[in-house]
Each structure stands twice: as C-alpha cells, then as structure tokens.
Amino acid sequence: MSATPLDTIFKQKNTLRSKVKKELRSMDPTLRSQEDEAIQRIVLEAPWFKSCKRLCAYITCGPLREVDTSKLLSEILNNKDKGDHLQAMKKLYVPRIEDKNSHMRMLNISRMDDLIPNSMNILEPAPVDAEGNERENVMFANEPVDLFLLPGLAFDKSGRRLGRGGGYYDTFLTNYQELAADRKWKKPLFVALSYSVQILEDGIIPITPNDVYVDALVSSSGVIPISQAATEICS
C-alpha cells in the first residue's frame, strides 16, 4: 500500500527528531548550562510570569536534554515561605504520565518533596499527598491556568512545535483549550523553553491537524512572541 500523507509527515517528523537529538547531544555542556541559566532568568523577570496566578510547568528530564526548569520551580515553591506576594499567589501543576496512550494529568504540588521518580526515573507528582488526599487535577480546578511552560524537541518562530512523538502535550493542551472554551475562560499562554539549536527555520517542522502551536518561545536571547496574545503581553 502507498503511504498516506500522514504517514509521510510522521516519517518526516522522525527524521527531524533524529537530527535535532544529534544536535542536542553534541551541544557543549557549558553552553547548555549558560542557556539554562539565561532562559530561567528571563522567565523569572518576565511580567507575564510575575503576574500569573496559576501555571503548568514541566519537570526537567536530564537524559532528554530539556531546558532546565529546576530554578523556576524552586522559586515558585520556595517563595511561598518567604512572603513574596507575587510568587506566593502562584499555584503550580506538573505532569504525571498515566499510560502509553498519550494520557497525562497535571497535578498540583506545593513542594519539591511531592515529586517521586517513575519507572523511567523521571520525577512526577505522587497521586496523593502526605496525608493521603488526592492531588488537585488541573482539569477539575475551579479556576483557570494562566500559563503553560512547555518542553519540546524543536520549534520555529511561527509557533510550530515538534514533540518527542508520544502526543502527550498535544492531547493535553487540546483538551485544556476545549475545557477553557466551555467555561468561557481566557486561553492560557503557551510558552516553550528552547535552546538555540532547537529553533529551526520556519516551515521545516512538519505538522498534522492535531499539533498545537505555541504562543511564544523563550531562548537565551530573550522572548520571541508569536501569537497576537503574546505580542500584546510582551509589548
């Protein structure tokens, strides 16, 4: 049988994934560390981050060579104890992978100790807290999320995002957008964190109808607004 257009796109995506992974593996560790610091500093100083009250953010997985988020998460969680008014207002949700069928939940945590390693040694929130209570699932929260800090393998300045092929984020973000629309909530800002080598020329990343675009990129060079919403917030 001849390949369908989707089969061709998936093949192109896998080829591009291999290329970007090779670039990441060859990235100088010192440069990666410098970019990690710069990206997190830019986010922490951004008005759209300071003003957000509820956000979803990923837990960095070292072997995947994702942009580090440890400083961001520590600032959010630790500042709750410092009386920092802006930071103390933030409620944080982080991902928990439930199965291999692109099923992911975002659960609330209040400290780094709430995280435990899964079967792949990736830190995730335990489903219940120390008192045995179920953690709040962002899909059942009474208030909307303002911001998503997203990982990815490659991006371009038109908002295209290439994931790792599991479909977890595209599925989750689509479901959350539908929830927000149903509840007449403002769409949250989708911001991807990216090393310089992950930002590709426009049009190179193949897309399917299920792919979700990002509103902005943050690289070590600064914030790159893409959508109108991001442009207004960043101006």
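Just so you know, glycine gets a Cβ as well, placed from its N, Cα and C.
Note: TrEMBL annotation is automatic and uncurated.
TrEMBL lists Lys13, Asn14, Thr15, Leu16, Arg17, Arg161, Leu162, Gly163, Arg164, Gly165, Gly166, Gly167, Tyr168, Tyr169 with the feature ATP binding site. The substrate binding site annotation in TrEMBL covers Ile59, Glu66.
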Distance, Glu66 (substrate binding site) to Arg164 (ATP binding site) (CA atoms, angstrom): 11
Whole-number Å value for how far Ile59 (substrate binding site) lies from Thr15 (ATP binding site) (Cα to Cα): 26
Proximal but sequence-remote residues of the same chain as Tyr168 (ATP binding site) (Cβ under 8 Å, at least 6 apart): Pro95, Ile97, Ser102, His103, Met104
For Gly166 (ATP binding site), the number of other Cβ atoms found within 10 Å of its own Cβ: 13
Winner by Cβ contact number (other Cβ atoms within 10 Å) across the binding-site residues Lys13, Arg17: Lys13
Cβ atoms near Thr15 (ATP binding site) (within 10 Å, other residues, all chains): 10
Intrachain C-beta neighbours of Glu66 (substrate binding site), sequence separation six or more, cut-off 8 angstroms: Tyr58, Thr60, Pro151, Leu193
